[in-house]
């Protein structure tokens, strides 16, 4: 009798669990179901605070890394759903309440508006005349310019896109549920970094850029070419016609073969010159629109796509070829770094806080870089001459960057407290940084003191000399010059270098560094930004505030686990008010407290940056251009002589430019006047939480409870004063909200009036 061997089944790695967590609305309806203590319900009013503090702190729900990973993954889909709903709302406003088509016909004469206020009790005053007979609120998001660059020519297309956004949101909500409750990935899937890198680089960034490049070439470029030539939007063929009908493209770009297969042959045979009509290397700005050449940006996205698709094939997965991240990290040893990056692979695959800290620091820095590039090289048509939008985009990306960087430090400190394992990090870079943290922090402290006294001292000197009537003894372009020679050298270098490094480019990347004035519709789009003593001085204020922010945040991370004062700090957790009773002088030392203090300095820092930008641009860049080429700036170049004293900043910037928001009542800008007042109030309200003692409120509450008891209306849930940390959290939140909204109202009322 012969026994046949069992059929060999191909081995398949199972990377999901089926139906791991039941879908229970009954469970979700119970507040605090994720925490045993909270689930019992409220005994005191502290319960509602803890409910909010812990709802998304998945580390406290379970210690199982796989379950935590799944919750984070699922939450990402929920976040994306919210983003799609929000974007859909933006597009819907563009479709239903905007003057987009009128703006498209006359982008220099008509202002963008996508919101019309209902006149319930006289709010109709807010609907200002934005041109072309349309009355609404002027928007400063830059969406109109983005839509034009995308090739959107009518409001129906916006409507369709808005519906598409809702469909995507629904898909994301489904995915978030499906990947937690039905098919949940195993931990090894989350830790498979090579596969993740390949997919994110080649798929998300590579194919994403390729898809956008394809859209730009086949839809954006032909439509924008026709718009620039003065063809009415309603006479331009619809996007799909350019894709399906090659003869339309052949009319606009005759020297290219637009055949379905023959069109891509030059790409793979390296005959790239065939595409030079629409994949250009012009450099500089399009003189018609004041934006980057869309043919340059299409070229850029195609190049980026090629690079990232290659990058997405570099990491070792199923075929045993390519890089292994663990090997790269463990081989990375410098002459002074001991065991180098050994152990970091384990850190970054088991601590999502460590991963998030790096990502937040990188994304925050990137957002700040985006802010700088948006005005120097405006990417969309007619963006550069829309001054309110330019100011808003700069301010927005600076604030976002600041918050993300602080978030990076916050999660760095949480990683140190919750996830750091000293035994796994022996003499590697992380361990060595922690061992010489005193040297790092004391040096940083010295730098902060030096920068603070010297930068502020220059201003104090100038205020004093001006008060004494001795202008020749002031630091200024006409007195004692402190020219930013290195910055001027960099500007000059960047103006000249492309001639050698990019000989085929027609112009340098940005005229901010040097070149001719680019004017659109009689307004300055961009021109060389001349730097002088005033810029040198405020630059050192920037250096000072950045270094203080870094000092606070880095100290919080490096001393999160222990310090000479509290050697066992790691046992107290990420946030604790004091190590007491019985140990004086140990308050405000937790990782959380450093984030709290860091937020205030981040706010200081970004405020000075956006004030500098706003005034510098109004003084030296933005303005009107006469037919003979003379430029009249909004504030007539007063930055160089006024921004060199503290009094100048107070009088000629804050006070002089606040006149529009203060005098906005009775005009379409009156909402900004109300916001200006209201946000000051919110800011002042924050001080009540920041300068208060917990015991004071607890005593007050107890006497109020006594009165309620007398009247037999005592509450079942015992009222409690906010804890020290809750009070600080409420305080810093209102401080930032009030400060940012005040700045927003101040900036917009000003720039909409004069821009």
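Keep in mind that glycine also has a Cβ here, set from the backbone N, Cα and C atoms.
With respect to the membrane, residue 318 and residue 702 are annotated on the same face, judging by the topological domain names in Swiss-Prot. Taking Swiss-Prot as the reference, the stretch among 33-64, 65-96, 97-128 described by the feature transmembrane segment is residues 65-96. Within the listed segments 387-418, 483-514, Swiss-Prot records transmembrane segment for the stretch 387-418. Cβ environment of residue 680 (chlorophyll a' binding site): 738, 742 lie under 8 Å away, each six or more residues apart in the same chain.
According to DSSP, residue 680 (chlorophyll a' binding site) sits within a helical segment. With every protein chain in view, the residue among the binding-site residues 578, 587 whose Cβ has the most Cβ partners within 10 Å turns out to be 578. A Cα-Cα distance of 19 Å separates residue 578 ([4Fe-4S] cluster binding site) from residue 697 (phylloquinone binding site).
Spacing of residue 587 ([4Fe-4S] cluster binding site) relative to residue 697 (phylloquinone binding site) is 19 Å (Cα to Cα, whole number). Sequence-distant neighbours of residue 697 (phylloquinone binding site) (same chain, 6+ apart, CB under 8 A from its CB) are 721, 722. With DSSP classes pooled into helix, strand and coil, the tally for the topological domain 'Cytoplasmic' (559-590) is 4 helix, 0 strand, 28 coil.
Packing against the topological domain 'Cytoplasmic' (691-723) from elsewhere in the chain are residues 42-47, 49, 577, 730: each is 6 or more residues past its ends and has a CB under 8 Å from a CB in it. Cβ atoms under 8 Å from those of the topological domain 'Cytoplasmic' (559-590) belong to residues 412-414, 416-418, 420, 437, 441, 597, 723-725 of the same chain, restricted to positions at least 6 beyond its ends.
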